[in-house]
Amino acid sequence: MLGRSGSARSRHVRSVGSASETGSLGPSSALRWPWPGPRGSDSDHTNVYVQEALQELEYPLRLQKLLLTPQREFHVELVITLDSGEVAAFNAYRVQHDNSRGPFKGGFRYHPNADLSDARSLASLMTWKSAVLNVPFGGAKGGVCCDPSQLSERELERLTRRLVQALKGVMGPLVDIPGPEISAGSRLMSYFFDEMSKYKGFAPACVTGKPLALHGSYGREYATGRGVVLAARELLKAEHAGRLAGKEFVIQGFGNVGSWAARLLHMQGAKVTAVSDSSGGLYNEAGLDVHALITHMKAKPPFGGHMSSFPGGRHIPLEQLPTIPCDVFVPAATANLVTPEMARALECKFVVEGANGPTTPEGDLVLRERGIPILPDILSSGGGVVVSFFEWVQNLQNFRWEEEEVNRRLDRHISDAFAAINRERTQRRITYRKAAYSVALQEVMRAHLNRGFD
């Protein structure tokens with residue numbers, strides 16, 4: 001295994017370079033406003049935000065290096081037999097960033113663009129997200145470079161079981177707990193649990209995001225979307241902007257997070273005027289019928305399944321979505337979509353991030369200059385992490401909570417986390433994002449120091 005200062009002895013483990021105590025920690029360490037241009041990788045973008053908070057906290061370089069350096073990184077080749085009889089190999093990655101506050105936690109992303117940089121960024125994000133939400137987990141993330149749409153259900157099962165076989169030695173209920181991610185839902189988590197049970201015995205806590213019938217938790221399916229709604233509620237309250245009811249929302253992305261956020265906002269009396277997916281946008285000034293739209297999207301063509309065939313709104317190109325006036329804009333699609341160009345076009349009063357890393361540092365700077373408050377992803381997209389923690393606790397106890405208890409506890413976690421961020425923001429006179437990262441960094445550093453780091 002590879003520790004923070006160890007060296008790689010296997011092709012499956014990557015050694016992480018270190019910085020000198022008096023030098024730079026990387027290309028983003030000396031934060032300058034404005035940034036000269038795109039930093040490149042997702043991990044660079046995450047580190048920009050982290051290092052901005054580190055400068056606010058005035059931590060010395062040795063502590064910055066401790067917080068920024070992943071503990072371990074794994075790269076494995078997964079070789080499976082396809083249904084056609086051909087043999088195929090897939091690259092898979094796992095980055096375990098920090099476990100000072102508890103076991104590593106983070107999903108596996110099945111996506112054609114999954115790579116090590118993506119895993120590093122999201123593993124770091126999970127560390128700060130768990131800390132700011134007061135969940136006793138560390139941060140990890142993984143990816144399998146594949147196109148799930150081109151693989152059969154049996155092939156995905158073989159791939160998932162092979163993934164468990166390759167990484168079983170560094171994962172487990174008290175070590176590293178995966179969860180669902182893009183194109184890796186409850187079905188694949190079931191395969192993960194079943195395969196891991198061959199090596200760990202009965203251990204439902206080895207993975208979260210399982211179906212309810214297989215030791216899953218109530219509320220997990222809509223947890224991230226509910227977290228977005230709760231975070232938006234707290235933001236509006238803190239900014240003296242009133243309640244959710246009557247507010248106009250524009251949601252970019254209509255997958256699990258976006259669709260559940262829209263549904264729950266609609267139930268709270270908010271008006272969702274526009275949504276989008278990869279095919280285009282949909283706009284209704286009077287408010288979309290969210291329930292009808294969700295039903296339509298679940299139907300099969302030609303009666304549904306596509307946003308363009310929904311009759312309850314005007315179809316608009318994707319680039320027009322940010323220009324629609326609203327109270328709150330929710331980017332709930334993929335990373336790095338809120339660029340400087342989009343940030344300049346936005347016609348909203350607030351931004352509540354529903355996806356992981358949706359705003360580039362350059363886009364973030366434009367929004368700051370325009371005076372548009374941004375509630376960062378490490379809080380607002382953290383509902384799934386919190387309810388994954390609840391599922392893990394229930395699995396360890398072999399006792400299931402009622403749905404009302406899950407939702408009540410999630411509400412408490414989100415509201416308490418927002419209160420801590422808002423106190424930090426007010427005391428230091430900084431942005432919500434910088435305050436959130438400051439709170440998270442202090443929590444993680446406190447854990448390291450209490451465990452004996454000097």
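Backbone N, Cα and C atoms are what each Cβ position is placed from, and that goes for glycine too.
Marked as region 'Disordered' by TrEMBL: 1-44.
What TrEMBL lists as compositional bias 'Polar residues' is 17-27.
For Lys105, Lys129, Ser388, the entry in TrEMBL reads substrate binding site. Every protein chain shown contributes to the tally, and the Cβ of Lys105 (substrate binding site) ends up with 29 other Cβ atoms within 10 Å.
The active site, proton donor feature in TrEMBL is assigned to Lys141. In sequence order, Arg94, Val95, His97, Gly106, Gly107, Phe108, Arg109, Asp118, Ala119, Arg120, Ser121, Leu122, Ala123, Leu125, Met126 make up the list of same-chain residues 6 or more apart from Lys141 (active site, proton donor) whose Cβ falls under 8 Å from its Cβ.
The NAD(+) binding site annotation in TrEMBL covers Thr224, Asn256. Sequence-distant contacts of Asn256 (NAD(+) binding site), defined as residues of its own chain at least six apart whose C-beta falls under 8 angstroms from its C-beta, comprise Glu221, Tyr222, Thr224, Gly225.
Of all Cα pairs drawn from Lys105, Lys129, Ser388, which the record names as binding substrate, the longest spans 13 Å. Here the Cβ of Thr224 (NAD(+) binding site) has 28 other Cβ atoms within 10 Å, regardless of which shown protein chain they belong to. In sequence order, Gly139, Asp377, Ile378, Leu379, Ser381, Gly382, Val385, Ala440 are the residues near Lys129 (substrate binding site), counting only same-chain partners six or more apart with C-beta under 8 A.
Sequence-distant neighbours of Ser388 (substrate binding site) (same chain, six or more apart, CB under 8 Å from its CB) are Lys105, Ile177, Gly179, Thr208, Gly209, Arg220, Ala223, listed in sequence order. Same-chain neighbours of the substrate site beyond Lys105, Lys129, Ser388, judged by a C-beta within 8 angstroms of the site's C-beta center, are, in sequence order, Gly106, Met126, Ser130, Val135, Phe137, Gly139, Gly179, Gly382, Gly384, Val385, Val386, Phe389.
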